[in-house]
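Just below is one structure, and these are the notes that go with it.
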Amino acid sequence: MNDGSNSDATATSSAAQRQVRVQLTSKQEDIALPDNTGPILVPTSLRRYALSTLVNKLLGNDKPIPFEFLINGTFLRTSIDEYLTANGISAETTLEIEYVRALIPPLHIASFQHDDWVSSTDVLSATSPAATWASATISQGQEKILSGSYDGLLRVWNMSSQIVATSPAAADGGHTASIKAAKFVTPNQIASAGLDRTVRLWKYAESDEGFSGTIAPQLELYGHKSGINSLAVHALSNRILSASSDNSVGFWSTKKSDAPAAPDDLLPSAASRSSKRRKLNSSVTVPQRGPLALLSSHTAPVSAAIFDAKDSTVGYSASWDHSMRTWDLVTSALVDTRTTSHSLLSLEHLPELNLLAAGTSARHITLIDPRASATTISAMTLRGHTNAVVSLARDPHSTYGLISGSHDGTCRIWDIRATKTDKDGAVGESVYSISRKSLEEQGRSDTKRVGGEGVKVFSVCWDKTVGIVSAGEDKRIQINRGEGVLSA
């Protein structure tokens, strides 16, 4: 007489042996299977590791590559069978599975200590925009890191954490207040801006051996009536965008000959006459110019202004007034306004996806489709930070990658394919969180502080050669690197 145990075993065996057809694809040519690779019948019990082994076998790799797998834009974190059950998908269908190189944790490489908070950072490397625009060759090991600090000084560092050059103090033509933004325009030119309301251009020169250099004042740009929060540069068109607390976006030329005269009432000489203060930069004469245009429409401080990554005649701005605005930089006309539910503090363009990422005061990142045809304001929300998101940079390795810097003391890496749907629509979660090394060195095991106290991140830059460079309240530049953190 059968006691039922055999039928139970048969059911278990049947579940284990259930199969599904999968079509394995990759968008990366160097790891893609041949076009004629058809659907493959695999057990639904397979998980990531077994699938990774299968793909390596199909590719004939001598040295296995760890892979991650995406189904309908979501990373596979269970068995295929569990995924099918959770999503109500029949095993009779052919499952499209995209594989990408597995994520590699971005390891700490170095930290550069400053005397004051570090507000901004940028990179000069063979793959950075400044070098690419200038068709310049930056040899391996000759990369430079630019930092702007609350002490009002710019510093250029080499990869051995040595200071190569420092900008002059206020009395010698430098900033007269804290710097909030700094960018390499070309390998020989730097732009900066800050609380002294000016945008400044500098000539950067290195000695032949590259161990020392100079940052010399080149041009002072006046037009804003309050502090400047961020800068964007586009060397090919010799243009700069600035975002100011006076509610306006500044549009400037990097060339003295193209720029109009500076407004008399905003020049230091006018301030000296009205307040009888000592003229701080009297020892140096630097050309002074005004803006090509001041774009006024925002009703609160502008936190960020950027160029469209594919069309430099288009600009975008984000503001404390909750809005993201699109500008025609040829005519200075406002083209479009997208209003969100929160103050916007940072902005980055993801051109291949037709999306703008905006960091908010509400601790999340909103992905906005700026195209006029878009029917919804927010295409996706990225959640995970515990304080304001004040800096964003796209992943140079991947169409889908983004990094954010937050006042919670962390940088988070996002793959916007890793999403789920809830009552608020599509929601993404970060794939990595980078803490401040300074906390580890203080012996704090949790490497976190409530609200990011003392370790707020103010700026983050992601360079294909150097890695992830972040700056913050801990008075440090921090470099982290993980080869191919995400996949294209």
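Keep in mind that glycine also has a Cβ here, set from the backbone N, Cα and C atoms.
Taken from Swiss-Prot, the feature compositional bias 'Low complexity' covers 259-273.
As annotated by Swiss-Prot, region 'Ubiquitin-like (UBL) domain' applies to 20-101, with the evidence given as sequence analysis.
Swiss-Prot lists 257-285 with the feature region 'Disordered'.
The repeat 'WD 1' annotation in Swiss-Prot covers 128-167. Helix, strand and coil counts from DSSP across the repeat 'WD 1' (128-167) read 5 helix, 15 strand, 20 coil.
What Swiss-Prot lists as repeat 'WD 2' is 174-212. Long-range contacts of the repeat 'WD 2' (174-212) within the same chain: residues 119-124, 128-131, 133-134, 136, 138, 142, 144, 146-154, 156, 158, 162, 164-165, 167-168, 218-222, 224-233, 235, 240, 242, 244, 250, 252, 254, 266, 268, 280-281, each at least 6 residues beyond the stretch ends and with a Cβ under 8 Å from a Cβ of the stretch.
What Swiss-Prot lists as repeat 'WD 3' is 223-262. For the repeat 'WD 3' (223-262), the predicted model reports an average pLDDT of 98.
Taken from Swiss-Prot, the feature repeat 'WD 4' applies to 297-337. Among residues of the same chain six or more beyond the repeat 'WD 4' (297-337), those with a C-beta under 8 A of the stretch's C-beta atoms are 226, 229-232, 234, 236-237, 239, 241-251, 343-349, 351, 356, 358, 361, 368, 370, 372, 390.
Annotation comment: Swiss-Prot describes 339-378 as repeat 'WD 5'.
When DSSP labels each residue, the repeat 'WD 6' (384-424) comes out as 0 helix, 22 strand, 19 coil, counted as helix, strand and coil in that order. Annotation comment: Swiss-Prot describes 384-424 as repeat 'WD 6'.
Within the chain carrying the repeat 'WD 7' (452-488), a Cβ under 8 angstroms from the stretch's Cβ atoms is held by residues 27-28, 68, 100-101, 103-123, 125-128, 140, 143, 145, 147, 157, 159, 386-387, 390-401, 403-411, 413, 415, 431-432, 434, 436-439, all 6 or more beyond its ends. Annotated repeat 'WD 7' per Swiss-Prot: 452-488, in sequence order.
Non-local neighbours of the repeat 'WD 3' (223-262) in the same chain are 129-130, 133-134, 177, 180-186, 189, 191-199, 201, 287-296, 298-307, 312, 315, 317-319, 321, 327, 329, 332, 346; each lies 6+ residues outside the stretch with a CB under 8 Å from one of its CB atoms. Beyond the repeat 'WD 5' (339-378), the same-chain residues lying 6 or more positions past its ends with a Cβ under 8 Å from any Cβ of the stretch are 230, 300, 303-310, 316-324, 326, 384-394, 399-400, 402, 404-406, 408, 414, 416, 425. Under DSSP, residues within the region 'Ubiquitin-like (UBL) domain' (20-101) fall into helix, strand and coil as 22 helix, 25 strand, 35 coil.
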